[in-house]
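Below is one structure, written out as structure tokens; comments come after it.
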């Protein structure tokens, strides 16, 4: 039942995510339309009320943290006199009531008690301050990690676009308030702020248009800019793909486990996969001990029976398992068989030698190896960025009496 419950929660997040994003995009689109020139006061008021309605319904039913995005938009609308306070209150009350009328019966039926999921989430994560139980990230996580990953090389262009266009700046300021508000919680995930990406993409397009507009009559400059964009995009894809290859230590640990010759003669194995292994590729698709065998579950191939477990509390029941894949550095009564390397981060490289000495050493290395190109050598010589790996991210443990 616990496994089924977790699966239902995961499916809810996956399939509900697209609906939430679409609803928020409609809301932001409605609000951006009101900023167009030539719109009457009536059209501006209706667009603002529609935007606030969509955000409210999404907050009540799906993600209550959208209130942190709704609040600055409401404040901006009141300051600019698009709508009156009582118009917003009356519309907000009606939409909130409609949202609760939709979510309460359905969720209460499945939970078998009166339940408003987003309200329970607010109490647990914010009022009781228990969001930290899911993991704590630094206050700048969204600004220095999530947004660079979401936007890539367009991150600085989006910031510049906010400065270049006053209307987009106002909406961008609302998204920044949202990010700051979400940063006050200890637990942070990129999916919590992904709703702001369309606004930042709009700002990026404005910035690019401003930069390229002086050269719009030159075919060669246009071609050069397009080529530059293509090269930068290709380099970005190659770099991130390389990092992604080393970002699934759980899957790599599963493959390493199944390829170990010393475990092949063992007829039965009880294997535990800890939380990090399960989150980083240790899925059911890799629960194989012989790639040529029948892929049944529990897995039976050539007379062997391997059982995989993800739910047990390893501190209380480690004696039940023969093999444990874990991020722990050591386990009592278990010996480490193998360590799996994983991507750990990117940091600035501090060179000890000047560039001339590094280039001289690079040429000497190429001459000694009789090769004119070595990507790793060039990277170590020229790149100001250093890719850091954790060589003991996941460890394969074998119980001392298992063999």
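Cβ coordinates are placed from backbone N, Cα and C, and glycine is handled just like the others.
Note that the structure is a prediction, hence the values are computed from the model and not measured.
Under the heading transmembrane segment, TrEMBL lists 53-76 (among others).
Positions annotated as transmembrane segment by TrEMBL: 88-106 (among others). Here the transmembrane segment (88-106) has long-range neighbours at 49, 52-53, 56-57, 59-61, 74, 77-78, 114-118, meaning same-chain residues at least 6 beyond its ends whose C-beta is under 8 angstroms from one of its own.
TrEMBL lists 139-161 (among others) with the feature transmembrane segment.
Remote same-chain residues near the transmembrane segment (168-186) are listed as 28, 31-32, 35, 65, 68-69, 71-73, 76, 125-126, 129, 131-132, 136-137, 139-143, 147, 158, 161-162, 192-193, 196, 199-200, 202-203, 206 (criterion: CB distance under 8 Å, separation of at least six residues from the stretch ends). Feature annotation from TrEMBL assigns transmembrane segment to 168-186 (among others).
The transmembrane segment feature in TrEMBL is assigned to 192-211 (among others).
Feature annotation from TrEMBL assigns transmembrane segment to 223-245 (among others). Cβ atoms under 8 Å from those of the transmembrane segment (223-245) belong to residues 152-153, 212, 215, 343, 346, 387 of the same chain, restricted to positions at least 6 beyond its ends.
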Legend entry - Long-range Cβ neighbours of the transmembrane segment (139-161) (under 8 Å; 6 or more residues past either end): 168, 172, 179, 182-184, 188, 190, 193-194, 197, 200-208, 210, 232-233, 236
